Amino acid sequence: MSAAAAPSATPKPVRKAPRKPKPAPGSRRLSPLRILGSVIVWLFTAGNLLVLYWLISASFKTPVEIFTKPFDLPYQWFHAGKPFRNFVYAWNNAGFGDAVLTTVVLVGLATVATVAVSAPAAYALTRLGVRGSGGMTNFVAIGMGVPFQTVIIPLFVVLSKIHFDNQYGLFVLYVALSIPFTVFLLTGFFRSLPDELEEAAAIDGASPTRTFFSVMLPLARGGLITALILNAIGLWNETLLAIVFLKDQAHFTLSRALFTFYGAASYQSEYGGLIAGVAIVVLPMLVLYLLLARRIITGLTLGAGK
Amino acid sequence: MSSVTFTDTTRFYAGVEKPAVDGLDLEIADGEFLVLVGPSGCGKSTTLRMLAGLEGVDDGTIHIGDRDVTELPPKDRDIAMVFQNYALYPHMTVGENIGFHLKIAKMAKEEREKRVREAAELLDLTAYLDRKPAKLSGGQRQRVAMGRAIVREPSVFLMDEPLSNLDAKLRVQTRTQIASLQRRLGVTTLYVTHDQVEAMTMGDRVTVLSDGVLQQCDTPIGLFARPVNVFVAGFIGSPAMNLLESTVDGEGVVLGGTRIPLTPAQRSALTGPGVVVGVRPEGWDLGEAGTGIDAVVEVVEELGSDQYLYCRTSGSDKVFTVRTPGMAPWQRGEKLGLAPKPGAVHLFDAASGDRLPDA
């Protein structure tokens with residue numbers, strides 16, 4: 001307090017701002033629905049956290065610990081001075097080394113390709129005022145409603161005929177299957193951007209291509225990042241298509257390698273190693289999400305208007 | 001710098017029979033500040049957007065100087081526009097926002113930065129050049145939008161209600177700034193507003209639109225002193241002109257106890273027996289009850305400099321607005337007599353709404 005700087009001021013009673021300002025009257029009332037809602041939300045969150053805790057702690061345990069003390073903290077391997085023994089085992093026995101490379105490249109390329117195709121498509125569908133764009137948007141969105149499991153056999157037949165039943169075919173499938181959702185997601189983002197920005201760009205002399213790249217795309221960044229993350233998580237975890245289309249062990253993705261490893265590890269009762277393998281597959285996506293969640297939420301269009 | 005000419009310009013919107021702008025003929029002189037004013041939906045923004053090239057022209061032409069720009073895209077028209085919500089690019093800094101056009105026009109970096117700095121100095125934005133629009137106040141954003149327009153040195157400025165998002169005090173300040181800036185730069189300007197005070201204070205000339213049709217285009221004084229029809233009479237002036245329907249009785253019209261004579265020219269211009277008599281709030285003489293129109297003061301609005309009395313007449317049950325000097329001792333419920341001052345009466349034909357020729 002710099003009260004001394006103002007000599008004439010008589011010492012005023014110090015007013016302290018409340019730590020939490022009062023909510024609007026009535027907004028805090030406990031309705032049965034609100035109580036039920038929070039109970040469900042908290043149970044759901046607790047359940048998820050419990051599973052996550054169990055997964056991480058079990059990946060450091062011996063099989064005996066996993067089954068006798070499922071919710072205790074890991075002890076045995078730490079005591080033996082080899083805390084990462086399970087991870088080392090999983091990494092060496094499941095062929096994760098190659099699989100990580102394959103997965104990162106495949107998922108990375110497929111995600112980028114999906115967004116690179118979907119963003120201009122979504123922009124054209126929402127912004128260029130093309131005749132029938134509403135119908136076309138719906139047509140693309142229908143793709144979301146087709147479960148890919150139902151078309152997996154025809155896809156396999158077609159792709160194996162043209163000798164594309166390998167990681168390249170899988171790349172094409174991943175991109176094709178991700179586009180409907182991504183276009184749908186991005187049309188929403190582009191539609192929410194104010195018209196005036198495009199008009200201002202047009203008056204500033206920007207061509208439609210320039211407007212797309214230097215005005216609209218940066219503003220849709222939140223949407224693009226969301227699309228990238230959601231697709232990356234989905235494709236990273238994708239197992240069924242990988243099982244069907246990948247035959248060469250050298251080009252297995254992580255989830256495909258884990259599937260093979262599951263058989264071997266459970267046969268040898270290496271449950272600690274198996275769970276460590278699951279953790280290796282799951283945790284990178286969790287970290288990715290935690291790092292980027294804030295960026296998804298931050299609205300970039302703030303300040304565009306008044 | 002150049003003039004702007006609308007010739008029989010018409011714009012339809014899809015699915016609407018009535019044109020949004022109907023056969024507009026308007027000429028804006030080189031360097032003139034012309035204000036388009038009218039109620040919402042009157043076609044003023046459409047007119048501006050047609051000149052900007054953001055809206056097609058269904059009929060007629062638009063010229064900037066000698067160039068026919070009717071079919072030109074916005075970027076080839078040499079115009080700059082200030083949007084109502086400013087439409088600043090939120091991911092660019094103030095400097096980048098102002099210089100975006102120059103960058104697209106491939107101006108050399110040093111020249112571009114010099115122009116941006118000059119514009120920023122003119123608008124007192126130098127300290128904010130590296131900030132993003134989200135970190136600016138409303139008034140600063142408005143100035144950035146202005147900067148984006150003036151840095152281009154265009155032949156025409158277009159402004160679409162650029163002050164409507166500012167608070168009342170800032171609006172009055174910025175109003176003067178924009179008007180003086182425009183006079184200094186001497187760039188032809190088309191300014192759209194729904195606020196008739198803005199229109200009257202800023203424009204060299206003011207154009208009143210209603211339902212897509214041009215009503216009157218005149219200097220602020222001309223609009224105020226000689227409105228061409230009932231719509232303009234009621235729209236320009238605040239509080240609005242008192243309009244009273246009456247009928248011709250012999251050689252004049254009777255207003256309360258006062259008889260207003262009609263000249264032969266006025267009588268021959270009438271299309272029916274009905275006459276609308278208009279008197280501005282400041283056009284009344286206040287007298288004792290029993291002289292002129294008897295009325296009772298219903299509401300007193302004290303503004304300090306002025307006082308508005310809302311008086312209900314005993315006969316016609318209409319409410320008249322009367323302007324008196326501020327701090328006058330009028331009270332609610334007081335009785336008074338109203339008589340129009342000589343020369344303060346506007347006469348209109350009731351059927352067509354047109355002004356009768358002046359005596």
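Placement of Cβ uses the backbone N, Cα and C atoms for every residue, glycine included.
The feature compositional bias 'Low complexity' is assigned by TrEMBL to A:1-12.
Annotation comment: TrEMBL describes A:13-22 as compositional bias 'Basic residues'.
Look at TrEMBL and you will find A:100-292 tagged as domain 'ABC transmembrane type-1'.
Annotation source TrEMBL lists region 'Disordered' at A:1-28.
Summarising the annotation, TrEMBL assigns transmembrane segment to A:35-56 (among others).
Non-local neighbours of the transmembrane segment (A:99-125) in the same chain are 133, 136-137, 140, 167, 170-171, 174-175, 178-179, 182-183, 185-187, 189-190, 212, 216-217, 220, 224, 227-228, 231-232, 235-236, 251-257; each lies 6+ residues outside the stretch with a CB under 8 Å from one of its CB atoms. The transmembrane segment annotation in TrEMBL covers A:99-125 (among others).
Among the features that TrEMBL reports, transmembrane segment is placed at A:137-159 (among others).
TrEMBL lists A:171-190 (among others) with the feature transmembrane segment.
Annotated transmembrane segment per TrEMBL: A:211-236 (among others), in sequence order.
Look at TrEMBL and you will find A:271-292 (among others) tagged as transmembrane segment. Proximity of distant same-chain residues to the transmembrane segment (A:271-292), defined by a Cβ-Cβ separation under 8 Å and at least 6 residues beyond the stretch ends, is recorded for 52, 55-56, 58-63, 65-67, 77, 85-87, 89-91, 93-94, 96, 225, 229, 232-233, 236-237, 254-255, 258, 261-262, 265.
For the transmembrane segment (A:211-236), same-chain residues at least 6 beyond its ends with a Cβ under 8 Å from one of its own Cβ atoms are 103, 106-108, 110-112, 114-115, 118-120, 123, 127, 174, 178, 181-182, 185-186, 188-190, 193, 197-198, 201-202, 254-255, 281, 284-285, 288-289, 292, 295-301, 304. Mapped onto DSSP helix, strand and coil, the compositional bias 'Basic residues' (A:13-22) counts 0 helix, 0 strand, 10 coil.
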